[in-house]
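Okay, structure first, notes after.
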Ligand SMILES: NC(=O)C1=CN([C@@H]2O[C@H](COP(=O)(O)OP(=O)(O)OC[C@H]3O[C@@H](n4cnc5c(N)ncnc54)[C@H](O)[C@@H]3O)[C@@H](O)[C@H]2O)C=CC1
Ligand SMILES: O=C(O)CCC(=O)C(=O)O
């Protein structure tokens with residue numbers, strides 16, 4: 001399924017329950033601005049290569065637009081629109097004073113040297129610096145980008161506009177990054193998982209988790225769940241998976257990944273195909289890689305009781321329906337993975353105030369925010385008799401819609 005179709009489907013389903021009317025529906029679904037730029041660089045061997053960069057700014061009624069930057073060969077303009085709109089709903093679910101944006105470059109970063117990555121990033125900033133800004137559109141890490149990429153963005157943007165740490169979040173700790181951003185998405189998932197398990201009457205201790213993707217989101221989630229007493233029985237990355245029904249030794253796995261760059265070949269479990277992790281015999285499945293992991297062709301094979309979305313858009317609407325009919329509870333991305341942008345907000349606030357918070361404060365604020373959002377969504381789901389996803393969209397559309405109307409069109 002097309003990325004945009006899925007998000008539009010979820011949005012429309014909630015908007016129709018709320019009866020917002022076709023005109024407001026169209027207004028809220030239409031991005032404010034879509035930017036598509038040429039990103040040409042000289043490779044280390046002197047060849048010229050041209051890549052395409054995107055930045056979609058979806059909605060700014062609640063504040064500056066916020067969202068990650070993805071380097072991936074398959075990224076498209078439509079995908080950026082879908083992901084930017086998800087950011088609008090996500091920031092509204094956790095009640096941050098932000099709108100939504102997302103961007104990326106269609107590139108396979110594994111084919112570039114560090115110097116080439118730097119030139120690519122700086123060139124991309126050259127091309128979009130006039131439409132972004134600390135009070136307009138603030139980027140952050142997403143798939144295949146990291147604190148170093150954020151540092152280059154900050155530096156390049158500052159060459160045009162003066163010292164601007166708040167132009168981007170997820171920066172290195174040594175360069176205005178906040179404590180706790182690296183693990184924030186995983187930590188937010190941990191807090192949501194605790195709430196869900198409590199409501200489902202399942203103790204964390206002994207609950208079996210399978211996690212697809214072992215990057216920023218997947219790896220921190222695995223570590224935090226393991227530290228909390230969870231049993232991580234399967235993990236995967238783009239190269240393959242590893243499975244141990246007794247539970248993987250997560251610190252050992254981290255050592256292995258640090259050494260080899262992949263979960264494959266880890267001695268503490270059996271090798272499996274990347275996709276098999278989705279269908280492993282577990283209690284909770286956490287897709288934390290790319291979109292469309294769960295679709296109409298494979299949703300019936302999921303054995304988990306709960307799916308908690310670490311990735312953005314991992315469940316297609318057909319899969320969502322199949323899972324719902326089978327009684328599998330799905331915790332939507334716009335709630336489950338909102339910890340990352342929440343701590344990005346704390347970083348931005350610290351940058352604007354020239355302050356630096358202790359990690360305990362970051363984590364305590366994050367826990368409060370995630371719990372509050374979960375309570376609101378769960379309460380709406382009960383009162384409206386809808387899924388958690390539809391409830392999260394209802395909460396978000398209500399907040400964004402109100403801000404839009406109050407500001408005037
Ligand atoms: N980084 C963040 O703070 C946030 C990220 N997200 C979402 O979480 C997801 C993962 O993002 P990050 O962890 O930041 O990216 P990352 O680049 O750090 O890691 C991605 C991981 O997914 C794996 N992967 C890619 N294709 C795969 C496949 N077909 N099967 C299994 N594994 C595969 C990669 O090998 C890698 O381990 C994305 O959907 C992203 O949009 C959502 C909220 C915040
Ligand atoms: O931290 C941020 O600002 C954005 C993170 C992000 O891209 C996401 O939540 O999908």
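Backbone N, Cα and C define each Cβ position, glycine as well.
Automatic prediction, not curation, is the source of TrEMBL annotations.
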Site-mate of 66, 90 for substrate in TrEMBL, selected among 344, 356, 383: 344
Close in space, distant in sequence - residue 344 (substrate binding site), Cβ under 8 Å, 6 or more apart: 66, 138, 140, 169, 170, 181, 184
Other same-chain residues whose Cβ falls within 8 Å of the Cβ centroid of 66, 90, 344, the recorded substrate site, in sequence order: 67, 68, 87, 91, 96, 98, 100, 140, 338, 340, 341, 342, 345
Inter-residue C-alpha distance, residue 102 (active site, proton donor) and residue 142 (site 'Important for catalysis') (nearest angstrom): 9
Listed recorded positions adjacent to ligand 1, that is, members of 66, 90, 102, 216, 344 whose C-beta is under 6 A away: 216
